[in-house]
Amino acid sequence: MQLTSFTDYALRTLIYLASLPDNEQTNITDVTELFGVSRNHMVKVINRLGQLNYIQTVRGKNGGIRLNRPAKTILVGEVVRDLEPLDLVNCSVEFCHITPACRLKERLYRAKLAFLAELDDCSIAELLDDNAELLILLQKA
């Protein structure tokens with residue numbers, strides 16, 4: 001399973017925000033420069049993360065973005081579920097005539113559950129725990 005670039009940058013953004021000292025905020029420009037992504041794409045990512053209440057966005061001169069809740073409470077699987085279309089294949093009878101007898105869809109469903117279970121076992125905070133190399137790379141913003 002491959003995550004969309006949208007989800008990839010959303011996860012990277014959450015990791016970066018979690019690396020900041022408590023209550024410190026950053027801005028979209030810093031995030032776009034850190035990850036080398038277009039500002040337009042990052043604005044969409046930030047807006048969606050704000051809509052989902054993962055981050056707090058503040059407009060204006062002293063505005064910025066920061067996590068809206070502790071990183072230890074944000075599970076990677078939760079973020080992926082919120083952002084990804086998780087239907088691996090289209091198994092509707094209109095699309096595939098073998099659907100009524102197909103055993104693949106059940107295997108794919110179980111594989112998706114296993115994938116998400118693994119991601120549910122990891123919080124954004126855990127990705128930073130004892131990871132000095134990552135913290136150094138994130139400070140380049």
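Each residue, glycine too, has its Cβ placed from N, Cα and C.
Bear in mind that the values here come from a model prediction, so they are computed numbers and not experimental data.
Here Swiss-Prot flags 28-51 as DNA-binding region. Note on the DNA-binding region (28-51): its mean pLDDT in the predicted model is 95.
Residues or ranges marked as [2Fe-2S] cluster binding site by Swiss-Prot on the basis of sequence analysis: CYS91, CYS96, CYS102. Take the CB of CYS102 ([2Fe-2S] cluster binding site) and look out to 10 A: across all protein chains shown you find 14 other CB atoms.
For 2-129, the entry in Swiss-Prot reads domain 'HTH rrf2-type', with the evidence type sequence analysis.
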Do any residues, 6 or more residues outside the DNA-binding region (28-51), come within under 8 Å Cβ-to-Cβ of it, and if so which ones?
5-6, 9-10, 12-14, 16, 57, 65, 83, 138, 140-141
Of the residues in the domain 'HTH rrf2-type' (2-129), how many are helix, strand and coil by DSSP?
72 helix, 11 strand, 45 coil
Measuring CB to CB from CYS91 ([2Fe-2S] cluster binding site), give everything in the same chain under 8 Å that is also at least six residues away in sequence.
THR99, CYS102, LYS105
